[in-house]
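*Asks:* One structure, pasted below without further comment.
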Ligand SMILES: Nc1ncnc2c1ncn2[C@@H]1O[C@H](COP(=O)(O)OP(=O)(O)OP(=O)(O)O)[C@@H](O)[C@H]1O
Ligand SMILES: O=C(O)C1=C[C@@H](O)[C@@H](O)[C@H](O)C1
Ligand SMILES: [Mg+2]
């Protein structure tokens, strides 16, 4: 990873998206250590700036306020360099957030089954999962959001896998993605900057 005193990384910016409990916060932190990059968790940033926990923000300010904080944070984190960004579960669902994020760099989407998500979140206080039947709520919300998460750049399953293995797969897939990007850039410069549609 270290070459001539410089750190060789596949990307200088990457975001992690996906449903609640798929591991964005945990994997994002571990990925940032593996790539020696800064780490920002948008949920944590919002709670720090607002001075309230997410359940408090939802209860006292409303979900709309939380979503507007998310939008502001997305604009800011896309300006960072050498950063791994763990998004909230709903951040990528918002169309404008999605456009800005995908324009900035690769968005890795983490996936897990509703059962895994339920097991990982059952002792937490995520406001959108506060229900008499959280598993059904997870299934419903996941079905609704699935087509949008599919718009991410790289997709990685997290069920029954240790975090180190997931991080390793993400790093490999980011290298493959960056090779493809470079190949496209080289090809279009050889073609005099011509666009892909007219190749
Ligand atoms: N691969 C894994 N194996 C086992 N447990 C995991 C794995 N990934 C994450 N977890 C655990 O699952 C729980 C939820 O993970 P995490 O908080 O990272 O999810 P998240 O995607 O950030 O959720 P949210 O969208 O609500 O922020 C945590 O306790 C975390 O340690
Ligand atoms: O999926 C969602 O909409 C959310 C996920 C969490 O990360 C938090 O951002 C919040 O609880 C909302
Ligand atoms: Mg998180």
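First residue shown is number 1, and so on along the chain.
Using N, Cα and C of the backbone, Cβ positions are placed for all residues, glycine too.
Here's the feature list from TrEMBL:
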BINDING   21, 22, 23, 24, 25, 26, 126, 161  ATP binding site
BINDING   25  Mg(2+) binding site
BINDING   43, 67, 89, 145  substrate binding site
*Asks:* Check the Cα distances from residue 22 (ATP binding site) to each of the binding-site residues 43, 67, 89 and keep only the ones within 10 Å.
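*Replies:* Qualifying among 43, 67, 89: 89.
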*Asks:* Can you grab the distance from residue 89 (substrate binding site) over to residue 21 (ATP binding site)? Cα atoms, rounded to a whole Å.
*Replies:* 8
*Asks:* Using Cβ-Cβ distances, find the residues under 8 Å from residue 26 (ATP binding site) that belong to the same chain and are at least 6 apart in sequence, listing them in sequence order.
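*Replies:* Expected: 163.
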*Asks:* Quick one: of the binding-site residues 21, 23, 126, 161, which has its CA closest to the CA of residue 145 (substrate binding site)?
*Replies:* 21
*Asks:* Quick test of your reading of the structure: among the binding-site residues 23, 126, 145, whose CB sits under 6 A from ligand 1?
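*Replies:* Within range of ligand 1: 23, 126.
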*Asks:* Using only the residues recorded as binding ATP (21, 22, 23, 24, 25, 26, 126, 161), report the maximum Cα-Cα distance in Å, whole number please.
*Replies:* 23
*Asks:* Is any of the binding-site residues 21, 23, 126, 161 within 10 Å of residue 43 (substrate binding site) (Cα-Cα), and if so, which, in sequence order?
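*Replies:* Those near residue 43 (substrate binding site) - Cα within 10 Å - do not exist; the answer is none.
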*Asks:* Could you measure the widest C-alpha to C-alpha distance across 43, 67, 89, 145, the residues recorded as binding substrate, and give it to a whole number of angstrom?
*Replies:* 19
*Asks:* Using DSSP with the three-state reduction, classify residue 67 (substrate binding site) as helix, strand or coil.
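*Replies:* Assignment for residue 67 (substrate binding site) reads helix.
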*Asks:* For residue 126 (ATP binding site) and residue 67 (substrate binding site), what Cα-Cα distance in Å is obtained after rounding to a whole number?
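*Replies:* The Cα atom of residue 126 (ATP binding site) is 15 Å away from the Cα atom of residue 67 (substrate binding site).
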*Asks:* Rounded to a whole number, how many Å is the Cα of residue 67 (substrate binding site) away from the Cα of residue 24 (ATP binding site)?
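*Replies:* Distance (Cα to Cα, whole Å): 18 Å.
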*Asks:* Taking a cut-off of under 6 Å between Cβ and any atom of ligand 3, tell me which of the binding-site residues 22, 24, 25, 43, 161 pass.
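*Replies:* If the test is a Cβ under 6 Å from any atom of ligand 3, the answer is 24, 25, 43.
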*Asks:* Let me check the 10 A CB neighbour count of residue 89 (substrate binding site). How many other CB atoms are there?
*Replies:* 23
*Asks:* How many neighbouring Cβ atoms, not counting its own, are there within 10 Å of the Cβ of residue 43 (substrate binding site)?
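*Replies:* The Cβ of residue 43 (substrate binding site) has 23 Cβ neighbours within 10 Å.
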